[in-house]
Amino acid sequence: MLFGNLYIYFDWNGRAEISDSSRKNIFLSLLVTSILGTLSFLVLRRSHHEEEILSEEEGRLLLSTHAMYKHRASSAIQDAKSEFKTILQLLKTKTILLLSPCMAYSGLELSFYSGVYGTCIGATTQFGLAAKGLIGISGIVVGIGEIVGGGLFGLLCKNNRFRRTSVVFLAMVVHFVAFYLIFLNIPDDAPVVFRTTTQKNPYLTPSVSIALLCSFLLGLGDSCFNTQLYSILGCVYAEQSTPAFAIFKFIQSVFAAVAFFYSGYVLLMWQLLLMVILGFAGTLSFFVVERMQNISLDLQEY
(Lines of atoms letter the chains of each structure in order from A and count residues from 1; the text may use other names and numbers.)
(Lines give C-alpha, C1' and ligand atoms only; values in the text may rest on other atoms or scores of the structure.)
Protein backbone atom coordinates (compact mmCIF):
# COMPACT_ATOMS: atom_id res chain seq x y z
CA MET A 1 0.00 0.00 0.00
CA LEU A 2 2.84 2.41 0.77
CA PHE A 3 5.74 1.77 -1.60
CA GLY A 4 3.70 0.71 -4.63
CA ASN A 5 1.50 3.79 -4.41
CA LEU A 6 4.54 5.98 -3.87
CA TYR A 7 5.88 4.75 -7.21
CA ILE A 8 2.52 5.48 -8.85
CA TYR A 9 2.53 9.01 -7.45
CA PHE A 10 5.95 9.87 -8.87
CA ASP A 11 5.22 8.16 -12.19
CA TRP A 12 1.69 9.48 -12.78
CA ASN A 13 1.75 12.90 -11.16
CA GLY A 14 1.04 15.68 -13.65
CA ARG A 15 -0.11 13.36 -16.43
CA ALA A 16 -3.40 13.92 -18.19
CA GLU A 17 -3.45 10.36 -19.52
CA ILE A 18 -1.72 7.14 -18.48
CA SER A 19 0.23 5.57 -21.35
CA ASP A 20 0.22 1.86 -22.14
CA SER A 21 3.96 1.64 -21.49
CA SER A 22 3.49 3.02 -17.97
CA ARG A 23 0.76 0.47 -17.29
CA LYS A 24 2.99 -2.34 -18.55
CA ASN A 25 5.88 -1.22 -16.35
CA ILE A 26 3.67 -1.24 -13.26
CA PHE A 27 2.18 -4.61 -14.19
CA LEU A 28 5.60 -6.20 -14.74
CA SER A 29 6.97 -4.73 -11.50
CA LEU A 30 4.05 -6.09 -9.48
CA LEU A 31 4.24 -9.45 -11.29
CA VAL A 32 7.94 -9.89 -10.48
CA THR A 33 7.37 -8.82 -6.86
CA SER A 34 4.48 -11.26 -6.41
CA ILE A 35 6.48 -14.13 -7.95
CA LEU A 36 9.44 -13.45 -5.66
CA GLY A 37 7.11 -13.24 -2.68
CA THR A 38 5.50 -16.57 -3.57
CA LEU A 39 8.85 -18.27 -4.15
CA SER A 40 10.03 -17.09 -0.73
CA PHE A 41 7.62 -19.61 0.82
CA LEU A 42 9.75 -22.39 -0.62
CA VAL A 43 12.65 -21.54 1.68
CA LEU A 44 10.53 -21.81 4.83
CA ARG A 45 11.56 -24.78 6.92
CA ARG A 46 9.17 -27.36 8.30
CA SER A 47 8.73 -27.68 12.03
CA HIS A 48 11.17 -30.06 13.74
CA HIS A 49 8.31 -32.32 14.80
CA GLU A 50 7.07 -32.70 11.24
CA GLU A 51 10.61 -33.38 9.95
CA GLU A 52 11.11 -36.12 12.56
CA ILE A 53 7.82 -37.82 11.65
CA LEU A 54 8.63 -37.77 7.95
CA SER A 55 12.16 -39.09 8.46
CA GLU A 56 10.93 -41.93 10.69
CA GLU A 57 8.27 -42.97 8.20
CA GLU A 58 10.65 -42.77 5.27
CA GLY A 59 13.35 -44.71 7.08
CA ARG A 60 10.98 -47.39 8.38
CA LEU A 61 9.33 -48.05 5.06
CA LEU A 62 12.63 -47.85 3.13
CA LEU A 63 10.85 -46.16 0.27
CA SER A 64 12.60 -45.41 -2.97
CA THR A 65 12.75 -41.80 -4.14
CA HIS A 66 9.87 -42.33 -6.56
CA ALA A 67 7.74 -44.13 -3.98
CA MET A 68 8.54 -41.50 -1.37
CA TYR A 69 7.24 -38.65 -3.53
CA LYS A 70 4.22 -40.75 -4.48
CA HIS A 71 3.50 -41.34 -0.80
CA ARG A 72 3.78 -37.62 -0.05
CA ALA A 73 1.51 -36.71 -2.96
CA SER A 74 -1.08 -39.25 -1.82
CA SER A 75 -0.97 -37.87 1.72
CA ALA A 76 -1.38 -34.32 0.44
CA ILE A 77 -4.40 -35.33 -1.66
CA GLN A 78 -6.01 -37.07 1.31
CA ASP A 79 -5.41 -34.01 3.50
CA ALA A 80 -6.92 -31.75 0.85
CA LYS A 81 -10.01 -33.97 0.58
CA SER A 82 -10.40 -33.99 4.34
CA GLU A 83 -10.11 -30.18 4.54
CA PHE A 84 -12.60 -29.76 1.71
CA LYS A 85 -15.15 -31.97 3.50
CA THR A 86 -14.65 -29.91 6.65
CA ILE A 87 -15.22 -26.71 4.67
CA LEU A 88 -18.51 -28.06 3.28
CA GLN A 89 -19.62 -29.00 6.80
CA LEU A 90 -18.73 -25.57 8.20
CA LEU A 91 -20.63 -23.84 5.41
CA LYS A 92 -23.83 -25.30 6.85
CA THR A 93 -23.20 -24.06 10.38
CA LYS A 94 -25.23 -21.21 11.80
CA THR A 95 -22.18 -19.13 12.69
CA ILE A 96 -20.71 -19.15 9.19
CA LEU A 97 -24.09 -18.38 7.65
CA LEU A 98 -24.52 -15.41 9.99
CA LEU A 99 -21.00 -14.14 9.33
CA SER A 100 -21.41 -14.44 5.56
CA PRO A 101 -22.76 -10.86 5.17
CA CYS A 102 -19.69 -9.58 7.07
CA MET A 103 -17.37 -11.53 4.78
CA ALA A 104 -19.26 -10.35 1.70
CA TYR A 105 -19.08 -6.74 2.85
CA SER A 106 -15.34 -7.03 3.44
CA GLY A 107 -15.01 -8.11 -0.20
CA LEU A 108 -17.04 -5.18 -1.53
CA GLU A 109 -15.20 -2.56 0.46
CA LEU A 110 -11.85 -4.22 -0.35
CA SER A 111 -12.48 -3.72 -4.06
CA PHE A 112 -13.75 -0.19 -3.42
CA TYR A 113 -10.79 1.17 -1.48
CA SER A 114 -8.13 -0.76 -3.42
CA GLY A 115 -9.33 -0.01 -6.95
CA VAL A 116 -12.55 1.91 -7.38
CA TYR A 117 -12.00 4.92 -5.14
CA GLY A 118 -8.55 5.72 -6.51
CA THR A 119 -9.96 5.53 -10.03
CA CYS A 120 -12.74 7.94 -9.03
CA ILE A 121 -10.21 10.45 -7.71
CA GLY A 122 -8.13 10.16 -10.88
CA ALA A 123 -11.19 10.78 -13.05
CA THR A 124 -12.40 13.88 -11.17
CA THR A 125 -12.13 16.85 -13.54
CA GLN A 126 -11.84 19.45 -10.77
CA PHE A 127 -8.53 17.97 -9.54
CA GLY A 128 -6.85 18.90 -12.83
CA LEU A 129 -3.41 17.51 -13.72
CA ALA A 130 -2.84 16.48 -10.10
CA ALA A 131 -5.68 13.93 -10.29
CA LYS A 132 -3.60 10.98 -11.50
CA GLY A 133 -0.91 11.60 -8.89
CA LEU A 134 -3.58 11.71 -6.20
CA ILE A 135 -4.33 8.05 -6.94
CA GLY A 136 -0.97 7.13 -5.43
CA ILE A 137 -1.35 9.53 -2.50
CA SER A 138 -4.81 8.10 -1.80
CA GLY A 139 -3.40 4.57 -1.69
CA ILE A 140 -0.67 5.66 0.72
CA VAL A 141 -3.21 7.31 3.03
CA VAL A 142 -5.37 4.15 2.92
CA GLY A 143 -2.29 2.19 3.99
CA ILE A 144 -1.67 4.60 6.87
CA GLY A 145 -5.27 4.12 8.00
CA GLU A 146 -4.81 0.34 7.86
CA ILE A 147 -1.64 0.54 9.96
CA VAL A 148 -3.18 2.87 12.55
CA GLY A 149 -6.36 0.81 12.87
CA GLY A 150 -4.63 -2.56 12.98
CA GLY A 151 -2.07 -1.46 15.56
CA LEU A 152 -4.44 0.54 17.74
CA PHE A 153 -7.35 -1.89 17.95
CA GLY A 154 -5.12 -4.95 17.97
CA LEU A 155 -3.68 -3.66 21.24
CA LEU A 156 -6.92 -2.30 22.71
CA CYS A 157 -8.80 -5.55 22.14
CA LYS A 158 -6.41 -7.39 24.43
CA ASN A 159 -8.42 -5.67 27.15
CA ASN A 160 -11.59 -7.75 27.58
CA ARG A 161 -13.60 -4.66 28.46
CA PHE A 162 -13.06 -3.35 24.93
CA ARG A 163 -15.38 -5.71 23.09
CA ARG A 164 -15.22 -6.82 19.49
CA THR A 165 -18.70 -5.44 18.93
CA SER A 166 -17.50 -1.96 19.91
CA VAL A 167 -14.72 -2.07 17.30
CA VAL A 168 -17.06 -3.38 14.58
CA PHE A 169 -19.63 -0.70 15.38
CA LEU A 170 -16.90 1.94 15.18
CA ALA A 171 -15.78 0.50 11.83
CA MET A 172 -19.33 0.74 10.50
CA VAL A 173 -19.66 4.37 11.62
CA VAL A 174 -16.25 5.29 10.17
CA HIS A 175 -17.10 3.69 6.83
CA PHE A 176 -20.54 5.26 6.65
CA VAL A 177 -19.05 8.71 7.31
CA ALA A 178 -16.50 8.06 4.56
CA PHE A 179 -19.21 6.92 2.14
CA TYR A 180 -21.30 10.03 2.83
CA LEU A 181 -18.33 12.36 2.30
CA ILE A 182 -17.41 10.53 -0.91
CA PHE A 183 -21.00 10.89 -2.11
CA LEU A 184 -20.81 14.64 -1.52
CA ASN A 185 -17.25 15.18 -2.76
CA ILE A 186 -16.81 12.90 -5.81
CA PRO A 187 -18.85 13.14 -9.06
CA ASP A 188 -21.41 10.38 -9.49
CA ASP A 189 -20.08 9.33 -12.90
CA ALA A 190 -16.45 8.99 -11.74
CA PRO A 191 -16.36 5.15 -11.81
CA VAL A 192 -17.85 4.82 -15.29
CA VAL A 193 -15.75 7.27 -17.32
CA PHE A 194 -12.74 5.78 -19.09
CA ARG A 195 -11.01 7.94 -21.70
CA THR A 196 -12.61 11.17 -20.49
CA THR A 197 -12.94 12.88 -17.13
CA THR A 198 -16.15 13.38 -15.17
CA GLN A 199 -19.00 15.42 -16.64
CA LYS A 200 -21.24 15.65 -13.55
CA ASN A 201 -20.75 17.96 -10.59
CA PRO A 202 -20.95 16.64 -7.01
CA TYR A 203 -22.87 18.37 -4.22
CA LEU A 204 -19.68 19.98 -2.89
CA THR A 205 -16.76 21.46 -4.77
CA PRO A 206 -14.32 18.51 -4.93
CA SER A 207 -11.68 18.90 -2.24
CA VAL A 208 -8.36 17.06 -2.12
CA SER A 209 -8.35 17.24 1.68
CA ILE A 210 -11.77 15.60 1.97
CA ALA A 211 -10.82 12.98 -0.63
CA LEU A 212 -7.68 12.00 1.31
CA LEU A 213 -9.59 12.07 4.62
CA CYS A 214 -12.00 9.55 3.10
CA SER A 215 -9.03 7.41 2.04
CA PHE A 216 -7.79 7.35 5.63
CA LEU A 217 -11.26 6.51 6.96
CA LEU A 218 -11.63 3.67 4.45
CA GLY A 219 -8.33 2.14 5.57
CA LEU A 220 -9.10 2.66 9.25
CA GLY A 221 -12.55 1.08 9.00
CA ASP A 222 -11.27 -1.84 6.94
CA SER A 223 -8.58 -2.69 9.49
CA CYS A 224 -11.10 -2.52 12.35
CA PHE A 225 -13.56 -4.76 10.54
CA ASN A 226 -11.03 -7.34 9.39
CA THR A 227 -9.16 -7.68 12.69
CA GLN A 228 -12.43 -8.47 14.48
CA LEU A 229 -13.51 -10.95 11.80
CA TYR A 230 -10.21 -12.78 12.20
CA SER A 231 -10.61 -12.63 15.97
CA ILE A 232 -14.11 -14.09 16.14
CA LEU A 233 -13.32 -16.83 13.61
CA GLY A 234 -10.24 -17.77 15.63
CA CYS A 235 -12.31 -17.96 18.83
CA VAL A 236 -15.29 -19.87 17.47
CA TYR A 237 -13.28 -22.23 15.26
CA ALA A 238 -10.10 -22.61 17.29
CA GLU A 239 -9.79 -26.28 16.30
CA GLN A 240 -10.87 -25.73 12.68
CA SER A 241 -9.20 -22.44 11.92
CA THR A 242 -7.80 -23.42 8.51
CA PRO A 243 -11.14 -24.29 6.83
CA ALA A 244 -12.89 -21.38 8.59
CA PHE A 245 -10.40 -18.85 7.24
CA ALA A 246 -10.53 -20.53 3.83
CA ILE A 247 -14.30 -19.91 3.75
CA PHE A 248 -13.76 -16.30 4.78
CA LYS A 249 -11.19 -15.63 2.05
CA PHE A 250 -13.33 -17.44 -0.53
CA ILE A 251 -16.47 -15.39 0.16
CA GLN A 252 -14.44 -12.19 0.40
CA SER A 253 -12.67 -12.87 -2.90
CA VAL A 254 -15.87 -13.77 -4.76
CA PHE A 255 -17.60 -10.56 -3.73
CA ALA A 256 -14.47 -8.51 -4.44
CA ALA A 257 -14.37 -9.97 -7.95
CA VAL A 258 -18.08 -9.24 -8.47
CA ALA A 259 -17.57 -5.67 -7.24
CA PHE A 260 -14.65 -5.12 -9.62
CA PHE A 261 -16.84 -6.40 -12.46
CA TYR A 262 -19.78 -4.06 -11.91
CA SER A 263 -17.74 -1.06 -10.71
CA GLY A 264 -17.12 0.17 -14.25
CA TYR A 265 -20.82 0.14 -15.13
CA VAL A 266 -22.63 1.32 -11.99
CA LEU A 267 -22.75 4.94 -10.82
CA LEU A 268 -20.93 5.80 -7.60
CA MET A 269 -24.14 6.52 -5.67
CA TRP A 270 -25.48 2.99 -6.16
CA GLN A 271 -22.16 1.37 -5.30
CA LEU A 272 -22.07 3.32 -2.03
CA LEU A 273 -25.70 2.44 -1.27
CA LEU A 274 -25.03 -1.26 -1.79
CA MET A 275 -22.09 -1.15 0.62
CA VAL A 276 -24.15 0.71 3.21
CA ILE A 277 -26.91 -1.91 3.10
CA LEU A 278 -24.55 -4.88 3.22
CA GLY A 279 -22.35 -3.23 5.84
CA PHE A 280 -25.33 -2.62 8.13
CA ALA A 281 -26.55 -6.20 7.69
CA GLY A 282 -23.05 -7.55 8.29
CA THR A 283 -22.65 -5.54 11.48
CA LEU A 284 -25.97 -6.78 12.86
CA SER A 285 -25.08 -10.39 12.04
CA PHE A 286 -21.69 -9.93 13.74
CA PHE A 287 -23.47 -8.72 16.90
CA VAL A 288 -25.68 -11.84 16.83
CA VAL A 289 -22.67 -14.17 16.52
CA GLU A 290 -20.84 -12.35 19.32
CA ARG A 291 -23.92 -12.68 21.53
CA MET A 292 -24.15 -16.41 20.76
CA GLN A 293 -20.47 -16.81 21.62
CA ASN A 294 -20.89 -15.01 24.96
CA ILE A 295 -23.90 -17.17 25.88
CA SER A 296 -21.94 -20.31 24.98
CA LEU A 297 -19.02 -19.24 27.19
CA ASP A 298 -21.36 -18.44 30.09
CA LEU A 299 -22.96 -21.90 29.85
CA GLN A 300 -19.54 -23.56 29.87
CA GLU A 301 -18.63 -21.71 33.07
CA TYR A 302 -21.74 -23.05 34.81
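Quick reminder: no glycine exception, Cβ is built from N, Cα and C everywhere.
The transmembrane segment annotation in TrEMBL covers 26-44, 95-113, 133-155, 167-183, 203-221, 242-262, 268-289.
When the stretches 26-44, 133-155, 203-221, 242-262, 268-289 are ranked by Cβ pairs under 8 Å to the transmembrane segment (95-113), first place goes to 242-262.
For the transmembrane segment (268-289), the partner stretch with the most Cβ pairs below 8 Å, chosen from 26-44, 133-155, 167-183, 203-221, 242-262, is 167-183.
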